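Beneath this line is the structure, given in structure tokens, with notes to follow.
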Amino acid sequence: MENMAEEELLPLEKEEVEVAQVQVQVPSLASAPEEAKSKRHISIQRQLADLEKLAFVTEGNFDSTSSLNSDNLDAGNRQACPLCPKEKFRACNSHKLRRHLQNLHWKVSVEFEGYRMCICHLPCRPVKPNIIGEQISSKMGAHYHCIICSATITRRTDMLGHVRRHMNKGETKSSYIAASTAKPPKEILKEADTDVQVCPNYSIPQKTDSYFNPKMKLNRQLIFCTLAALAEERKPLECLDAFGATGIMGLQWAKHLGNAVKVTINDLNENSVTLIQENCYLNKLKVVVDSKEKEKSDDILEEGEKNIGNIKVTKMDANVLMHLRSFDFIHLDPFGTSVNYLDSAFRNIRNLGIVSVTSTDISSLYAKAQHVARRHYGCNIVRTEYYKELAARIVVAAVARAAARCNKGIEVLFAVALEHFVLVVVRVLRGPTSADETAKKIQYLIHCQWCEERIFQKDGNMVEENPYRQLPCNCHGSMPGKTAIELGPLWSSSLFNTGFLKRMLFESLHHGLDDIQTLIKTLIFESECTPQSQFSIHTPSNLNKQEENGVFIKTTDDTITDNYIAQGKRKSNEMITNLGKKQKTDVSTEHPPFYYNIHRHSIKGMNMPKLKKFLCYLSQAGFRVSRTHFDPMGVRTDAPLMQFKSILLKYSTPTYTGGQSESLVQSASEDTVTERVEMSVNDKAEASGCRRW
């Protein structure tokens, strides 16, 4: 009937109806009131081809997203821009029109959920009444049409902020019904035998609700090995992934550790929570909400399939959740700094539990935004050769202060600083005594700006008359002005626990995580401060021989810990004594703080030895030495900088001799070597005088 009525219209009347329709309604199965709202502006399109089609629509072939105007349909091959008036852009050839649409409309658009809000020059902004009451058109100008509330925004930056405010309020549904109701298919990624669905633009946090970063794979594997090592101490563990996003980390815990863990995945974003639940069903895991299993999980599984485990998914603020419930393991991975969640994490964490903190605000931690580091962490830092370890000690100091405020101490299990993140994992020790011992390990660092020698300040509250005396170098006496700077406060104790790292290595071998085994081995060498040649990997058949070294998990101390947790009582005197003995042993074998970069301290006009040979030379000289994961060319050693340079010069060959033998260079006297080292230090100081911090 509608087609017959349309055919009865005269051609002139039909053309007038088409001109009056500025926006064409989208055909849908919705009711009539909903169809009245299903209108969107023609400047909002999915692809550039859809925008180009608007200018090439012929009569009788109207697209649902077209806006037809009599000016757009010119005779011949000339076409007018559908988003510009005739006065602004005259009709032109098709290739010029395509270039115009691409450069002046599509490239300056604002993207939201697969749609592009292109810039519009049509007189579609609301008119303004004057004093008399007559309506006058506003000044012709470019503007955007909001995809959510249909508002018109002039500037692109204002449009971005406008859409961002909608997202912060949770208003992500458009006020119209899209032309194609089918959503773009979600991509399925696989990592560690775990499948996850990800949204489009999943690697760009500004363009998606559920952020998934493939570059954080090492971080997720380190956290998994940490939890697997903790699961051997006591079972079951209450685990929390406070910022789930796609839920990949919690899914790996539940899928590979099974009944040893009770996983809770939390996220504040509703879309992320929905995606986490879908990923749970994808991996055959039941979703538990308020201690009740969702009936949907049983319907999705096919015949013969069984659920692997249960996961509790919550939607609330991470601080609120950590105040309401107690956990054995908490992982914090917010977008940016994590200092806003540390107090809540230590509020209800159980004794001997583990808190892992991932910080991605590397611009402030790596001394690129020093004012932000002062604001977030309350410390003063500068860019040094050991800036990555400096960042790790800054985060540990913030964690230690948060734990001390809750009458808890910490034991650092390991700290990793890589290109994209800083990961710190600590064990929680309850009691004011542990809190006081932890607070004493937060100290200031004295850093020489000329030679980059460094040392932690001595304990005590008395003001020292000349703090430069604490530095091993004599730059203050030979250089003018103030040569040192005070950094911190920082964590001054050890960053690694050798026994726990060996247990993590065993778990990585057990679960087949080959990507992080090299990193964990480097951490073990670094914690013991020994060359790699002195380390050997033991097979599972030799685990009984390695019980005292921490590879085998069920030791005597672990049995005492299990009994204590089962009884739910305070620590016995025997356990406190064993803990004190263990701390004394750890202090005696504590690795030296910080490291030296061999390239940074190279001698001008000399060829350096290979790094492996140089480590052997330092070890033969009686110093503890190892490589470090913080810097591929870094050397962790307890040798002072003067001795470090002396040995480096001793085994370096001059460049001008054309390969002089090492025996001739080694025959130089110690006095001559020392003089040459001092001369090289002075030359570098004069050359770098213009780059003082």
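Cβ from N, Cα, C; glycine included.
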- prompt: Pick from 95-99, 165-169, 290-294, 555-559: which range has motif 'Nucleolar localization signal' per Swiss-Prot?
  reply: 95-99
- prompt: Swiss-Prot has Arg220, Asp317, Ala318 binding S-adenosyl-L-methionine. Which one of Asp158, Asp267, Asp361, Asp436 is in the same site?
  reply: Asp267
Residues flagged as zinc finger in Swiss-Prot, choosing from 144-166, 328-350, 489-511: 144-166
Field: Residue counts (helix, strand, coil, in that order) that DSSP gives for the zinc finger (144-166)
entry: 11 helix, 4 strand, 8 coil
Query: What is the average pLDDT across the zinc finger (144-166)?
result: 85
